[in-house]
Amino acid sequence: QVDAVRVYVNSSSENLQYPVLFVVRQQKGVLSWQVPLIFRGLYQRTYNYQEVSRTLCPSEPTPETRPSEQIIFVDVASMAPFNIAYELLVTRLENFQLETNKAFNFTASPSQPQYFLYRFPQDVDSVIINVVSDAAYPCSVVSVQDIVCPVYDLDHNVEFNGVYQSMTKQAAITVQRKDFPGEQFFVVFVIKPEDYACGGSVPSSIHGNVNRTWNLQRTKNLQVTIVPSIKKSVYVQAMFFSFLGFLSFYLGSVVVAFVHYIRVQRKASAGRLSPEHGSGMMTSSHPISASTPEGSSYGAIDESSSSGARQLSSPERRAPAGSDTDSSVEEESDFDTMPEIESDKNIIRTKVFLYLSDLSRKDRRIVSKKYKIYFWNIITIAVFYALPVIQLVITYQTVVNVTGNQDICYYNFLCAHPLGVLSAFNNILSNVGHMMLGFLFLLIVLRRDILHRRAMEMKDIYTLDYGIPKHFGLFYAMGIALMMEGVLSACYHVCPNYSNFQFDTSFMYMIAGLCMLKLYQTRHPDINASAYSAYASFAVVISLAVLGVVFGKNDMWFWVIFSLIHILGSLALSTQIYYMGRFKIGECNMGMFRRAVMVLYTDCIQQCSRPMYMDRMVLLIVGNLVNWSFAIFGLVYRPRDFASYILGIFICNLLLYLAFYIIMKLRSSERLLPIPMFCIVATAVVWAAALYFFFQTLSSWEETPAESREKNRPCILLGFFDDHDVWHFLSAAALFFSFLVLLTLDDDLDTVRRDKIPVF
């Protein structure tokens, strides 16, 4: 048991010109202060205290002295030309050493800081210091310092040594035995003279000198409890759980692929199916009737139009299929390989009821090459984006470790398990699901791509004439984006804060955008956006997100400009979708304006009661209402978390389009096979569970570090993972199932002719 001595002094003098000086001399140190004790706040405000109480640094007993004996000299002096009354009281602290798993209550103020000693038990390698208070203010600081004298226990020097956090109602610091060679440390509690550092208000002015009333106003009751942290075996269990949990997805995929292979082989041996097929699903050996019956509510064009479309596309359909390679010399400017396509495509796309054969007339090899650019571009983007991000977060973590300032990073400190130089390894480990499932999705897409190539070599005529055109470039890009989301989310959680939150959201924007592009590409393969324009659009979005983080808090002008860009962009994109790319926004001439007037007159005046393309019009009206609502909401409320606001816009648009697509698919008498149906149900269930944990806010860089720590909660899974880690696990699985929905949604059309598949 270590004994400590506390010195209490009080002086009624308010004369700052002649303070009373107190000097305490010990065996290994000198401690001094003055009364009135002056604290300086923001804008050079001063706060004076007549009552001061300090704990003297305890000294270890020596062979020459008895264990309970300390020699202390207290010198009192003043340069005042008159007598000054003071009070001096020296007491012995009975509860100076904190015990494990035992709460201890005490009181502190700016001029009366407290600190206590803690020694590691023999079987404990790491502990968590939990500090709570019923009152948020006054703002306080909790510091962990090595056993070195003097102890830095005043507002102006508490940050000089050790690890520290600001605090309102709650604080938690994880301390490891390896960081303290003496296997003991001081826990220091300092009350700040002002509350602005913790999010409180700043006093407008100070009238005159303030004496002992400050001691009463700035007193805070605290409770500290030191509990053992997790053992090393829990780290091992958590890592096994993370990797084995997602390896089960690999096992499930192998089982599904094997069962499917057996079924195909059995049917092939019965002579009803070919053993090789394009997409990993069934492909008929003979043409069968369309799945869209005559008289369908979606409508149909007459046979002459359909046969005309087939005649136009027949040269491409008769092209050899065995050379699905990137070695061709065609570029994107050569997509329209037939001279008559440029003159015919506007006529074809103006039909009221379009079919897939009308929008899949370009050379398959060139279109496939176009979509593979998505894959190679996203790899380039990922490398150039990730490398500086990794370098930056390593610097952040180094600064935290060197300075000891734990206000830099917004962790959930009640469940932040360090490993090596990392302060919260659990938040990084939980992102392994994105990387593992992203790689698994790439393998699944690769399998389908290989089977499709084999089918092209064996039965090219049916592969070209039936089902959705198989272009896998966007799927590969989605897999890479999912993996990069895991990498960048892990980087963000190395030191989560206001400055690097965009690292966690940038590839979320790209995932949502790629999913929408893939959904549109399914039935519009010839008119989908190029990789260059798509990634340029993503770059604009990310730039707006960065500007929103910087200027979006209080600047009204930014929200006005952004809302205008949002609304105008929605209208421009709606026009392109409604007219199937025939309305050229870039053609800024008089012909464009005359054409716009004619279009408005034809579609909005002559046919106001029933637009020419009713289904597209309904989707675009609902979509514009949703986007305008987002724009108005942002303009009125100006949410501080601008990055999440942008992400919400992307997700709502994606969900709206996916719901429209599935509804139109069912309306067109198409089927949902068991695998896509399972994926849709799994996606909905897992997303619902993931969002529940996402909204369990554990920290918030929109507030001060001290206010953010009020939201901290203990671990909920294996004693290692918190709610946000569970969100990482579930969101990775939900994104994986979402990708599988897009991959398998139209497998029922593999045996349907393209001139019978409606476009919507």
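Glycine too: its Cβ is placed from the backbone N, Cα and C atoms.
Annotations in TrEMBL come from automatic prediction, not curation.
Annotated compositional bias 'Polar residues' per TrEMBL: 281-295 (among others), in sequence order.
Among the features that TrEMBL reports, compositional bias 'Polar residues' is placed at 303-314 (among others).
Here TrEMBL flags 327-336 as compositional bias 'Acidic residues'.
The region 'Disordered' annotation in TrEMBL covers 272-336.
The transmembrane segment annotation in TrEMBL covers 238-262 (among others).
Annotation source TrEMBL lists transmembrane segment at 374-394 (among others).
Counting same-chain residues at least six beyond the ends of the transmembrane segment (428-446), those with a Cβ under 8 angstroms from any Cβ of the stretch are 238-239, 242-243, 245-247, 249-250, 253, 422, 472, 475-476, 478-487, 489-490, 493-494, 721, 724-726, 728-729, 731-733, 735-736, 739-740, 743. Sequence annotations record features per position, and here TrEMBL assigns transmembrane segment to 428-446 (among others).
Summarising the annotation, TrEMBL assigns transmembrane segment to 474-495 (among others).
Proximity of distant same-chain residues to the transmembrane segment (501-520), defined by a Cβ-Cβ separation under 8 Å and at least 6 residues beyond the stretch ends, is recorded for 374, 378, 385, 389, 393, 474-475, 477-478, 481-482, 484-485, 488-489, 491-493, 528-529, 534, 537-538, 541-542, 545-546, 549, 577, 643-644, 646-647, 650-651, 653-654, 657-658, 661, 701, 735, 738-739, 742. Residues or ranges marked as transmembrane segment by TrEMBL: 501-520 (among others).
As annotated by TrEMBL, transmembrane segment applies to 532-551 (among others).
Only residues 6 or more beyond the boundaries of the transmembrane segment (557-580), in the same chain, are considered here, and those with a CB under 8 A from a CB of the stretch are 349, 354, 359, 520, 524, 527, 544, 547-548, 551, 599, 613, 616-617, 620, 623-624, 627-628, 630-632, 634-635, 638, 649. Marked as transmembrane segment by TrEMBL: 557-580 (among others).
If you look up TrEMBL, you'll see 617-636 (among others) marked as transmembrane segment.
Per TrEMBL, transmembrane segment is recorded for 642-663 (among others). Beyond its flanks by at least six residues, the transmembrane segment (642-663) meets 501-502, 504-505, 508-509, 512-513, 515-516, 519-520, 522, 541, 544-545, 548-549, 552, 566, 619, 622-623, 626-627, 630, 634, 672, 680, 741, 745, 760 of its own chain at Cβ-Cβ distances under 8 Å.
Per TrEMBL, the feature transmembrane segment maps to 675-695 (among others).
According to TrEMBL, the feature transmembrane segment maps to 726-745 (among others). Tertiary proximity for the transmembrane segment (726-745) is limited to same-chain residues at least six positions away from its ends with a CB under 8 Å from its CB atoms, namely 242, 245-246, 249, 281, 427, 430-431, 433-434, 436-438, 440-441, 444-445, 448, 475, 478-479, 482, 485-486, 489, 511, 515, 518-519, 522, 658, 661-662, 665, 672-673, 675-676, 679-680, 682-683, 686-687, 689-690, 693-694, 696, 716-717.
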Outside the transmembrane segment (374-394), six or more residues from its ends: residues with CB under 8 Å to it: 473-474, 476-477, 480-481, 484, 487-488, 491-492, 494-495, 500, 503, 506, 510, 514, 531-532, 534-535
Same-chain residues near the transmembrane segment (617-636), Cβ under 8 Å, at least 6 residues beyond its ends: 559-560, 562-563, 566-567, 570-571, 574, 577-578, 611, 645, 648-649, 652-653, 656-657, 660
Remote residues contacting the transmembrane segment (675-695) - C-beta distance under 8 A, at least 6 residues beyond either end: 256, 662, 723-724, 726-727, 730-731, 733-734, 737-738, 740-741, 744-745, 747
